[in-house]
């Protein structure tokens, strides 16, 4: 079977073009998000002058926090976008809620925001999970 079922015999019948376009758009979105995540966290956490081939403890911790915060913000933006799709933007309420939650976390846990709903995932795990997610698209 070829990439995304194009040009080959599909045993389940003809592919729905809308599903194909949706799958391609989703793949583009996930790839773009991953690339922006890597670029942003690499720029913030890893010094330009490499002294070692491995991450030190501070770099690893910084990357873990950066990834967790990135996904937390991405989730919140998605929630606001979904409300916008329903015609109920509620941006002011959402901003106040996010600000209040961040302030509460800062008071409870110190100056770094404790992301409560995002599991701490190591960067190599994100790469692995992304490849597992993308593998059906690239390797079928």
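From the backbone N, Cα and C atoms, a Cβ is placed for every residue, glycine too.
Swiss-Prot lists 41-66 (among others) with the feature disulfide bond, giving similarity to another entry as the kind of evidence. Within the same chain, residues at least 6 positions away in sequence whose Cβ sits under 8 Å from that of residue 66 (disulfide bond) are 40, 41, 44, 45. Reduced to three states, the DSSP call for residue 66 (disulfide bond) is helix.
Taking a C-beta cut-off of under 8 Å and a sequence gap of six or more, residue 62 (disulfide bond) has these contacts in its own chain: 41, 44, 45. Annotation source Swiss-Prot lists disulfide bond at 45-62 (among others).
Residues or ranges marked as motif 'Twin CX3C motif' by Swiss-Prot: 41-66.
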